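Asks: Okay, handing you the structure first.
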Amino acid sequence: MPFSPPCLDPAAAAAASLSFLPAAAARPPAPCAVAPRSRRALRVAASVATAPESAAAQGRLESLSQVAGVLGTQWGDEGKGKLVDILAQRFDIVARCQGGANAGHTIYNSEGKKFSLHLVPSGILNEKTMCVVGNGAVVHLPGFFKEIDGLESNGISCEGRILVSDRAHLLFDFHQTVDGLREVELGNSLIGTTKRGIGPCYSNKVIRNGLRVSDLRHMDTFGAKLNTLLRDAALRFEGFEYSTKTLKEEVEKYEKFAERLGPYITDTVHFMNQSILQNKKILVEGGQATMLDIDFGTYPFVTSSSPSAGGICTGLGIAPRSIGDLIGVVKAYTTRVGSGPFPTELLGKTGDLLRASGMEFGTTTGRPRRCGWLDIVALKYCCQINGFSSLNLTKLDVLTGLKEVKLGIAYCTEDGKEIESFPADLDLLEKIKVKYEVLPGWEDDISSVRNYSDLPETARLYVERIEELVGIPVHYIGVGPGRDALIYK
């Protein structure tokens, strides 16, 4: 559905302009006379929602399809976990379809307590929600049980509420060791992985010698299969060593894990399809994001799975026609952790300001995230691949205090020719110039706003311009980290 251009007063309209700047070297806007407040200062108590506003929120949530998905549209860290946590209250099942402990989802409970999850689905805070780890995920059992122990120590019951696919692959500690050795081997060309062993584990899956959760039911052959993996790693990497004693200790550890994991192990393909037949409501929680997709991302600076819409089907074993609404989560600016192209990256003071104000440090690694303006070209590319029905714009409050904000609306070659699609060529991506549209910023604290019409006019202009450029409506707007800090549009 087309969007009408937002109405502005003449002064605001005059403030919008276009500019060309080289990729990764965009000139930051002039600093504000008063520096934007910290995220902590922005966390004020939410105002009580009006009755019409509550009705709007209820309408948005109740209109979602039986099977819906929440996927990232950038390079991860968009804030998917918060939306999943909120939506989970209306769903019977929340499922992870791919990835592993490289995905860091930060959520807050009703008391404001922070939880950082990596493998357990974000729906776990909702006591009536069943959580599923699908066949497309890779499971590091020491980390999995550490998460469960942490949740239960905080009063969140996990017993009988988490199902793990018997087809999911097991990620071992040695995979993490190999991940680090691989990065060292790459030297200056390193990919910048989380070193959580994701790539090596998926590599074993693809060459068909990996161990799956179902192998824990056959501990008599488990040791021999694990020995094959360890031997291959030792042959491949000079710095990798293991002994018969190491193998024995690992097998003994997994014998205990097998006993503890037993109640969780399920044929989740059957469970998911039966749940669909029973009209259960299912919410799929994507890890990472489309720009990290093994096929569609900035290869080779990508993850080893498919965090796009296609990964839902292959990672859970459900049919494409069963999937309805897909919500794309996009930060109001762009961030990236690790190496790889980043056309709208800000290397100056504005990038530092966004990092500090947005608390942009990786949930999984703790590394500072690279920051830049919202990349509309990349966003449209992700929308094209996934077919999103709506968007969740997060962290709009972080832009408060900037005199002007920019949208990267086009890529151009060095000679000024506009590029029609998102390039696969990394050399081209590193050389492109970004065409920016400049919009006026806002000074008002928006962290307590819960009604779209109460946002500053220029903040609404920013949201509506994104809708107009992408052609997809923004239904949810994040203005803070808490559960309640969400505007339903």
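Just so you know, glycine gets a Cβ as well, placed from its N, Cα and C.
In case it helps, Swiss-Prot gives these features for our protein:
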ACT_SITE  D77  active site, proton acceptor
ACT_SITE  H105  active site, proton donor
BINDING   D77, E78, G79, K80, N102, A103, G104, H105, T194, R208, Q288, T303, R367  IMP binding site
BINDING   D77, G104  Mg(2+) binding site
BINDING   T363, T364, T365, G366, R367, P368, R369  substrate binding site
TRANSIT   1-45  transit peptide
Asks: Quick check for you: of the binding-site residues N102, G366, R367, P368, which have their Cα within 10 Å of the Cα of D77 (active site, proton acceptor)?
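Replies: Of everything listed, nothing lies within 10 Å of D77 (active site, proton acceptor) (Cα to Cα).
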Asks: Quick one: Cα separation, R369 (substrate binding site) versus H105 (active site, proton donor), in Å?
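Replies: Distance (Cα to Cα, whole Å): 15 Å.
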Asks: Just name the most isolated of the recorded positions H105, R367, R369, going by other Cβ atoms within 10 Å of its Cβ.
Replies: R367
Asks: Within 10 Å of the residue listed as 'active site, proton donor' (Cα to Cα), which of the binding-site residues G79, G366, R367, P368 do you find?
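Replies: Those close enough are G79.
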Asks: Going by a 10 angstroms cut-off between Cβ atoms, which of the binding-site residues N102, Q288 has the sparsest surroundings?
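Replies: Checked N102, Q288; of these binding-site residues, fewest Cβ neighbours within 10 Å: N102.
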Asks: Reported as an integer number of Å, what is the Cα distance between N102 (IMP binding site) and P368 (substrate binding site)?
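Replies: N102 (IMP binding site) to P368 (substrate binding site), Cα-Cα distance: 15 Å.
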Asks: Compared by Cα position, which of the binding-site residues G79, G104, Q288 is the closest one to G366 (substrate binding site)?
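Replies: Nearest listed residue in space: G104.
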Asks: Whole-number Å distance between the CA of Q288 (IMP binding site) and the CA of P368 (substrate binding site)?
Replies: 16
Asks: With a 10 Å radius around each C-beta, find which of these binding-site residues (G79, G104, G366, P368) has the fewest other C-beta atoms nearby.
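Replies: With the binding-site residues G79, G104, G366, P368, fewest surrounding Cβ atoms within 10 Å: G366.
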Asks: What number of additional C-beta atoms lies within 10 angstroms of the C-beta atom of D77 (active site, proton acceptor)?
Replies: 29
